[in-house]
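These features come from TrEMBL:
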type	residues	note
TRANSMEM	21-47	transmembrane segment
TRANSMEM	53-74	transmembrane segment
TRANSMEM	94-123	transmembrane segment
TRANSMEM	143-169	transmembrane segment
TRANSMEM	181-203	transmembrane segment
TRANSMEM	223-246	transmembrane segment
TRANSMEM	258-276	transmembrane segment
Amino acid sequence: MFAKTRLPCCQKTMQLKRSLNLFDSISLMFSSMVGPGIFITTGYILHQVPNPNIVLLAWILGGFLAVAGAMSYAKSASLFPYAGGDYVYLKEAYSPIVAFASGWLSLSINFSASISLSALAFSKSFFSLINPSWDIYFFEFPFLGLTISIGTAQMLAMGAILLFTIINFFGISTASRIQNLFTGVKILGLISFVVLGFIIGNYDTSRFQSFSLFPSGWGGMELLLAGVIPVTYSYLGWNMITYVAEEVKDPDKNIYKAVLYSCALVTTLYILINFLF
């Protein structure tokens, strides 16, 4: 068991101000987890898994996996309450070289890809709602056997990333207030979607089909596991609180609470939304 008094590689002369309360932490976790995946993943899964009950089970199982992973990270964050997340843990457990490699992989591949995908999904949705004819490509060039296309959607996505980057330059307090605002809008939007879906949804039972409640045999389990793989994409972000652990007030308690509350809220909303689908 690691002890807080044995952190030679993590001790620092400068400490970040702990300004994030429990609500700020939950807001960060929720916004990091909930993205466009909930609206695009289910259709992809149904194409592979024809049983909607198994799809619901996949989302439930994905929620349990997210909680398990998040609680593991929360334990690490309580032992090493410093900013950096994976970098800090790998540096303490293995060596600075391993942590350095992980940090650069996260910067160049993991975070870059996920942020770009979310920003592009936002811009595509924006143009589809405002005016689809504005979504055009005006520049293409080959790169490593691929055709890279740049258009209005890509420009809007890059502008959105730049805007939020600038906001974060003003400090964690300003960024957290804006984060809380967007999180509130997102939660209200999803709850409204669920409520309106149950109120005005088409419940014509003549269109319903009967499916087994649980997967039977290895074939059913294979479908369930195949469905869980894309579901995990929609739960990504459950470790985000660890990257700002040094700025969370009372991290021993609030990190655990933020993980449990946010994962429970996200899982509940995901299951309700998929039930409507």
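Note that Cβ sites are derived from N, Cα and C of the backbone, with glycine treated the same way.
Curation plays no part in TrEMBL annotations; they are all automatic predictions.
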Proximity verdict for the transmembrane segment (53-74) and the transmembrane segment (94-123), three or more C-beta pairs under 8 Å: no
Maximum Cβ pairs under 8 Å to the transmembrane segment (181-203) - stretch from the list 143-169, 223-246, 258-276: 258-276
